[in-house]
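One structure is given here, and the rest of the page talks about it.
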Amino acid sequence: MSPAQHTLTATGRASHTLLAAGEASEHRTLIITLFAVFVAATLVITVWAGRQTKDAADFYAGGRQFTGFQNGLAVSGDYMSAASFLGIAGAIALFGYDGFLYSIGFLVAWLVALLLVAEPLRNSGRYTMGDVLAYRMRQRPVRTAAGASTIVVSIFYLLAQMAGAGVLVSLLLGITSDGGKIGIVALVGVLMIVYVTIGGMKGTTWVQMVKAVLLIIGALLLTFLVLLKFDFNISDLLGKAADNSGKGSAFLEPGLKYGATGTTKLDFLSLGIALVLGTAGLPHILIRFYTVPTAKAARKSVIWAIGLIGAFYLMTLALGFGAAALIKPDEIIASNKAGNTAAPLLALHLGGVDSDWGAILLATISAVAFATILAVVAGLTLASSSSFAHDIYANVIKKGQAGEKQEIGAARWATVGIGAVSIVLGALARDLNVAGLVALAFAVAASANLPTILYSLFWKRFTTTGALWSIYGGLVTAVGLVLFSPVVSGKPTSMFPDVDFHWFPLENPGLISIPVGFLLGIVGTLLSKETPDEDKYAELEVRSLTGTGAH
Amino acid sequence: MATETPPPAKHPASLPSTEEFTEVQQSAEFGELRRAHRSFAFPLTIAFIAWYLLYVLLSNYAGGFMGTKVAGNINVALVLGLAQFLTTFLIAWWYARHAAAKLDPKAEAIKSRMEGGA
């Protein structure tokens with residue numbers, strides 16, 4: 001979960017506030033034009049990529065021919081959601097230092113992927129996370145579990161993006177009617193179905209790259225303009241931000257948002273653990289490593305991603321403190337209670353309120369935010385439909401007897417199905433607490449997926465029972481705890497504020513569910529009577545470390 | 001381009017036999033590769049997670065210390081936060097160097113022998 005999701009929560013509730021003084025609606029034409037240009041360009045890419053998509057390796061893995069740098073860009077594109085751009089900047093603008101804490105968890109998490117997961121996964125898997133989890137286990141039960149947890153993680157993540165997208169887009173375009181918001185969610189949904197069914201992994205990867213470049217250029221431009229205002233004196237920038245926030249030096253210290261009580265502190269710890277361990281278990285990130293030819297290229301893509309994502313989060317620091325220093329907090333809050341519009345507002349102020357430059361900058365930054373949402377949503381849809389088609393349809397329902405054409409067909413239909421489901425849920429969830437949804441995605445990924453990935457790769461004794469216990473145990477614990485947390489009921493900010501059936505005090509379940517996932521994997525393995533398949537482990541271990549016979 | 005064309009079968013036709021895999025897995029050469037990876041990656045993972053948790057705990061429970069000014073308006077919290085970025089970049093770079101020097105040559109030797117012999 002990121003501050004964006006936290007903040008998006010409030011957005012949902014305060015959905016009728018508009019950008020201050022209606023700047024957004026004045027520049028609506030410009031914003032829509034820029035957005036339309038992006039959509040048109042990405043559709044051209046998608047159709048082009050679709051023509052190059054011949055077999056399953058093309059559809060699922062983009063033909064495995066992207067370079068480490070290209071995939072690094074695409075990975076960054078998949079990871080830096082609107083949540084990071086608008087949310088972290090907004091949280092820093094309102095809560096100062098506490099907003100920054102998230103970027104750190106999001107970045108450090110990549111080392112788990114780099115050191116332990118990316119290369120072995122690339123070497124031994126083919127299209128999905130389930131390929132590696134089921135490698136040395138009984139195929140059908142483990143693939144079913146892997147497919148289920150992939151789809152649960154992706155749909156929750158997707159829902160949060162859709163709901164957040166609807167809310168943000170409405171804010172930026174000044175659309176407030178329910179019909180308008182549902183329309184936006186439906187538009188995002190239809191576009192993502194088109195990207196994925198036609199372009200497959202190739203199209204999606206190119207869209208991610210374009211988006212990542214746009215996002216980085218946008219952030220660089222704003223960062224440069226902020227620093228220019230303060231003659232590149234960071235201490236001045238911070239001092240001005242602290243003064244302007246009205247909170248003084250507390251604005252630059254941890255605790256404004258999470259330091260209130262012992263419970264909020266534990267919650268922060270829980271969130272921190274989920275963030276750092278969740279990334280390496282996110283299926284839409286993992287399948288990106290199949291788009292490059294070798295494990296070495298997979299390593300290079302993670303290293304590029306760490307560089308790009310790290311640089312980007314450093315820039316959000318300048319954007320957030322810049323917004324805090326240059327815009328009155330009242331204006332940020334009036335525009336959006338949660339601060340989600342701080343970055344676009346900053347663009348407006350940097351260009352000059354009431355000037356053409358301000359309008360153009362605002363429109364550009366808003367269009368970049370749209371691009372971001374669309375690309376992330378496409379990546380998530382691809383991950384879940386791949387897993388449905390490859391793990392569940394081809395290997396469980398058809399028992400490995402499905403032809404390649406049939407499998408891709410199933411993936412395309414799954415995309416349409418998942419797209420339709422997320423349009424409906426996204427429309428329903430547009431005013432719901434998106435915080436819970438993304439917290440759940442990260443926590444489930446860390447509780448259900450990561451333990452099984454690590455045990456599968458590195459623990460000889462691990463068995464099918466252990467894998468099932470850890471996937472389902474982590475999944476059920478994480479989802480269950482969120483269900484009985486204040487995210488769902490019992491607080492004014494909950495999904496269902498009018499009822500109260502919560503007994504778990506924390507908003508993020510990671511502190512409990514992640515250790516449970518890891519422990520159940522061990523307990524399930526030790527209690528089961530089955531003997532681990534040593535031959536298959538030899539095969540997996542040698543393949544994962546050397547790349548012998550890699551697809 | 002650099003990939004072997006994936007045949008439609010579940011496993012590439014060139015995949016060595018189970019006996020060969022078991023034999024390689026138990027060989028001294030593979031043992032060295034495994035050790036070179038694990039002895040680097042495992043302790044380092046524990047170290048960076050501990051360092052990250054230390055940072056989270058300090059942010060939570062040592063507000064006074066984190067608020068200490070270092071230079072101008074720059075305080076310990078900001079310096080430690082930026083230090084997390086720095087260590088992440090450094091570890092990534094260090095691992096890339098280690099992998100290129102110690103892991104890749106061993107892995108490639110085994111791979112080419114196994115695929116060549118199959």
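Quick reminder: no glycine exception, Cβ is built from N, Cα and C everywhere.
Here's what TrEMBL has on this protein:
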- A:30-50: transmembrane segment (TRANSMEM)
- A:71-94: transmembrane segment (TRANSMEM)
- A:100-118: transmembrane segment (TRANSMEM)
- A:145-176: transmembrane segment (TRANSMEM)
- A:182-200: transmembrane segment (TRANSMEM)
- A:212-230: transmembrane segment (TRANSMEM)
- A:268-290: transmembrane segment (TRANSMEM)
- A:359-389: transmembrane segment (TRANSMEM)
- A:410-429: transmembrane segment (TRANSMEM)
- A:435-457: transmembrane segment (TRANSMEM)
- A:469-489: transmembrane segment (TRANSMEM)
- A:509-527: transmembrane segment (TRANSMEM)
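Between the transmembrane segment (A:469-489) and the transmembrane segment (A:30-50), the number of CB pairs under 8 angstroms, six or more residues apart, is fewer than three, so the stretches are not in contact. Scored by C-beta pairs under 8 angstroms, the transmembrane segment (A:435-457) has its highest count with A:100-118, from the stretches A:71-94, A:100-118, A:182-200, A:212-230, A:410-429. Among the stretches A:30-50, A:71-94, A:182-200, A:268-290, the one making the largest number of Cβ pairs under 8 Å with the transmembrane segment (A:410-429) is A:182-200. Counting Cβ pairs under 8 Å to the transmembrane segment (A:100-118), the stretch among A:30-50, A:71-94, A:182-200, A:212-230, A:268-290 with the most such contacts is A:268-290. Only residues 6 or more beyond the boundaries of the transmembrane segment (A:71-94), in the same chain, are considered here, and those with a CB under 8 A from a CB of the stretch are 2-8, 100, 102-103, 106, 160-161, 164-165, 168, 205-213, 215-216, 219, 257, 279, 284-285, 288-289, 291-292, 297-298, 300-305, 307-309, 312-313, 316-317, 319-321, 323-324, 327, 329, 332-333, 336, 338-344, 346, 368-369, 372-373, 375-376, 379, 438. Outside the transmembrane segment (A:212-230) by six or more residues, the chain places 38, 73-74, 76-77, 80, 85, 236-237, 240, 308, 311-312, 315-316, 318-319, 321-322, 325-326, 343, 346-347, 350, 361, 364-365, 368, 371-372, 375 with a CB less than 8 A from a CB of the stretch. Non-local neighbours of the transmembrane segment (A:182-200) in the same chain are 39, 42-43, 45-47, 49-50, 53, 58-60, 62, 162-163, 165-166, 169-170, 173, 175, 206-207, 373-374, 377-378, 381-382, 385, 412, 415-416, 419-420, 422-423, 426-427, 430; each lies 6+ residues outside the stretch with a CB under 8 Å from one of its CB atoms.
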